[in-house]
Amino acid sequence: MDELLLVAGLVLFFALIVAPALAIRAWRKSSDTQRELGVLRERLTALEQQLAGQANAPAPQPLPERTVEPEPVPVPVIVPAPPPPAVDPWAAKPALSEPVAVTPAATSKPVSDEPQGGMITSLVSWFMRGNPLAKLGILLLFFGLAFLFRYSVERDLFPLELRLCVAALAAVVLLALGWRLRHKQPVYALILQGGATGVLYLTVFGAFRLWQMLPVTLAFALLLLICAVSVGLAVLQRALSLAMLASLGGYLAPLLLSTGGGSHIGLFSFYLLLSCGILAISVWQHWRVLNLLGLLFTFGVGGVWGLYGYRPEFYLSCQLFLIANIVLFGVLSVGLSLRAQGGGKRIIDGVLLFAPPLIGFGMQYALTQDFTFGPAFSALGFGAFYLLLAWLVLRRKPELGRPLVLAALALGGAFVTLAIPLALSARWTSMAWALEGLGILWLGVQQQQRRMSYSGTGLLLLAVGSALWAVQDLLPALSQLMIFAVLSLTWIAAAWLWRGLNTQGSYGLLAGGIIFWLLALHGLSALTLSRWMNDLPGLLAFIALSVHGWRWAAQRLRWRALSYSVWLLWPLMLATLVWQIAAQGAIFSAGWQNLAWCIALPSALWLLYQQRTPPVPYLSQGLHLSLFWMIIAALAAELWWYIDALSWGMFPWQAGLAMTAAAAVILLVRAGLQRSLWPLRVWPQWYGTLALAPMGFFLLVMLLLTNIDDGVVMEQGYRPLLNPLEEGAAFALLALLALARLCARYFPQQGREIHKRVPLLLAGLAFWWLNGLLLRSLAWYGAIDWSVSALWSSRLVQTCFALFWMLVALLVMLRAARQVSRHEWLCGAALLGVVIVKLMLVDSAGGGGLARAVAFIGVAVLVLIVGYFSPLPPRVQQTHNEEQG
C-alpha cells in the first residue's frame, strides 16, 4: 500500500508540476523562435528590396579616356561565433544550426547588470534550465532512497550497518560515474555528482541522528569532508548544478529523516555548516541562486521550528545561531557578491541585503519579547551593527563602493529609529523621530542625496503620527508644549532645507510647522495663563509675541515664505474677537483677557507700519481693511453693551447714539484722509470707500427703520430737532453725504453716476425723515395717539401733510425752473399730483369742515404760485434750437 501511495505521489507530482512547467517552457521557446523568424523575414525582405533597387539603377556611361574596372561584389564577412557559454544547467543547449563546437571546459557566466529576480523566481529558473528531466530524476531518486531507508527500517529487512554501507557505496559509485562523464556528458555528470553528494549527506546524518551509530565528532567530520568535496568539485567544474543539488540534498536530509525527537542544536549546526559551504563556494564562484537556496531553507526551517518548538531555555543557542546566519547571509554573501562583479557599476542583491536582517529581527523580537526592553535593545544592536559595518566598509574596503555603505547606513538608521518606539512612549518617540528625521534630511541636502532627504522627511511624518497617537491619551499641558514645540521647530527647519529643492514641499512643511507651533503655544497658554484667562486670548498673546520672532528670522534668512506667516495674527485676532463677542458680549469688560489685545493690536499695527512696500497688493489691502473692521466691530460691541443696558423708553437715545457713532467714524476717516494720516494714506481709496461701506449701510437702514418711532424719551418727552433721534439722523445724513463725496473722489469714472443718483437718494432720505419729524411733532403737540388708525383719521395730520407735501413740491419745481431741469420739475409735479389725489380721496372722504377747506385753499394758492413762478421747462432739444435761432 505504501508503494502504491509513493508511486501515485510521484505520478501526481510529475503530472501537476513538472509536465505543466515543461509545457510552459516549450511554449515560451516556441514563441521566441517564431518571433526571431519574423525578425529574420523582415530583414531578408528589406535586403531583397535594397538589392532590387541597386539592380534597376542606370549604369554610368564609360569614359573613353580610361577603362573602368568592374566594381567587385562585396563578399559577406563571416563574423566568428562568440566563445561558448559555460557547460552548466543554467544555460540552454545551443541550437543545431549554430556551427559552434562545445568545449569540455566549462566556464561560469559573467555577472550581468540585469535586474535580479526574487528568491522563488530564481530557484524555478534554475530548475527549468539545462536538463530539467535529469534534475527531476535525481530528485526523485533522492526521495526514493529516503523512503526506501524508512521502509527498510520499519520492516527490519537488512541489518542497519549493511543498509548504510550500501547507501554510501551507491553514492560513491554515482559520484565516480559523474566525475568520469564530466567531459562526455557534462550536464548529466554534474547532476549525478550532486545527487551522490546529497545521498552521502543523508547517510551520514541518518547514522548520526537516527541510529546514533556515529559519534558527534566523527559525524561532523564526515559532513565537513562531504561539504568540502562538494565545494571542491563545484568550484573545479564551475558547475552550479552540483552545488545546488548537493546543497539541496543536504538541507532536505534532516527534514526527511526527522522523527520529531532530535535536538535543535544538531539541526541548526548542520544547517550552519551547509551555509558555510555555500559561503566558501562564493569565494571562488558567486552563484546568487545558491545563496538564496541557503537563505530560504535556513530561515524558513528556523521560523517553522521556532513557531512550534521554541522554549525559553533554548534562548542562548537560538540567539547564537540567529546572529551567525544573519552575518553569513546578510553581510558576507553580499560582500562576496559585490567583489565578484569586478569593476564598473556594482549592483547590490536587495534580497540578500535586506531579507536576513528583516526576517532575523522578526525572530529576534520573538526571542526577546519577554525581556524588559528586549526588543528595543535588539533593534539598537542591529542598528549599531550595521552602522559599524558601514564605517568599516568605507574605511577598510572602499573598493566595495558606496552602494553597500549607503544600504548599511539605511538599515542602521532604520533599526535605531525602530528602537525608539520599542523603548519609549509615543510622546518621546515623536520628538526623537522628529530630531532624527531633521538630521537625516540635513545630511541628504548636504550630500545632495535626494533619497536620503526623502527618508528624513518621511521620518518627520512618522513623528507627527506618533504625536497624534500620544494626544489620544489627553496629554498634560507640559507634554503638549514639548512635543509640538519640537515638531514645529524641526518642520520649520526642514522647510528651510527644502526651499531650494522643492518649493511646494517647503510650503507644506512650513505650514505644518506653524500649525504645530500654535498647538505648542496652546499648551503653554494652558500651563501658564489658565488662572487668569481662557486659552484663546492667551494663545493670541503668545502669537502676537511670536510674529516678531518670525519676522526677524525671515529677514535674517531672507525667507519670504516665513515672512508671510506673521499675518497669521489676523485670523487669530478675528477668532478671539468673535469668541469674546459671542461669549461675553463686550471686550473692555473681559478683565485680564484684555491684556492679549494690549499685545496683539500694537503688534498688528507695527507689522502694517513696517510693511513699506507690500509685496502682494491684495494681501496688504485685505490686512488693512480687516484690521479696521475688527477695531470697528470691537467698538461697536462695546457700544452695544452700553446702550443695551439703558432702561425701557430710551430707544431714541439708543438709536441716536448708534447713528452718531457710525457717522462719527465716517467723518473721522474723511478728516484723516484729508490730512493724509497713517494708516489711511497707505490705501486711501479703500479706506474712503470700501472700509466705510458697512457704516454707510448701517446708517441707511437706521434712517429707514427708526423713523417710525414716536421719539418720546421717558421722563423727558419730545422736543423737535432737539431730540437724540433727530440729532442722530442729522449726523447720519451728513455722514452719508461725506461718504458719497469720497466715493466720487476716489472713483472718478463713476463720479457722474454718483452725482446724479446720490443727491436723489439723500433727498429722498431727508424727505422721509422730515415726514417722520412732522408726524412726531403733530402727535406730541396734538395729543394724538401714536397708532396707525389714530394718525390716519386725524384731520390735523392729513391737512399738515397735504400742505407740507405741496410746499416741498413747490420748492422742487421752483428749483427745477431755475436750473432748467425738466426731470426735477416732473418729480415735483408728480408729488403735486399725489397731493391733489390725496385731497380728493382722503381729505374729502371725511365730510366737510374747516380743515378740508383750509387744505383745498392752501393747495390751490400754492398751485397758482407754482404756475406763475415755475412753468414747465422746455425740452433740451427745443432749448438748443431757440439758442441757435
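Any Cβ shown, glycine's included, is placed from N, Cα and C.
Residues or ranges marked as transmembrane segment by TrEMBL: 6-27 (among others).
Sequence annotations record features per position, and here TrEMBL assigns transmembrane segment to 133-151 (among others).
The transmembrane segment annotation in TrEMBL covers 157-179 (among others). Long-range contacts of the transmembrane segment (157-179) within its own chain (CB-CB distance under 8 A, at least 6 residues past either end) are made by residues 145, 149, 151, 188-193, 195-197, 199-200, 202-203, 206-207, 211, 213, 233.
Per TrEMBL, transmembrane segment is recorded for 186-208 (among others).
Long-range contacts of the transmembrane segment (265-284) within the same chain: residues 205, 208-209, 220, 223-224, 227-228, 230-231, 234-235, 243, 247, 250-251, 254, 290-291, 293-294, 297-298, 301-302, 305, 317-318, 321, 324-325, 328-329, 332-333, 336-337, 340, each at least 6 residues beyond the stretch ends and with a Cβ under 8 Å from a Cβ of the stretch. Look at TrEMBL and you will find 265-284 (among others) tagged as transmembrane segment.
Residues or ranges marked as transmembrane segment in TrEMBL: 373-392 (among others). Away from its own ends, the transmembrane segment (373-392) comes close to residues 331, 357, 361, 364-365, 367, 404-406, 408-409, 411-420, 422-423 of its chain (Cβ-Cβ under 8 Å, at least six residues beyond either end).
Annotation comment: TrEMBL describes 404-422 (among others) as transmembrane segment.
TrEMBL lists 452-471 (among others) with the feature transmembrane segment.
Per TrEMBL, transmembrane segment is recorded for 561-582 (among others).
Per TrEMBL, the feature transmembrane segment maps to 728-748 (among others).
Feature annotation from TrEMBL assigns transmembrane segment to 796-813 (among others).
According to TrEMBL, the feature transmembrane segment maps to 825-842 (among others).
Beyond its flanks by at least six residues, the transmembrane segment (404-422) meets 334-335, 338, 348, 353-354, 357, 361, 373, 375-377, 379-380, 382-390, 393-394, 428-429, 432-433, 436, 440, 449, 455, 459, 466 of its own chain at Cβ-Cβ distances under 8 Å.
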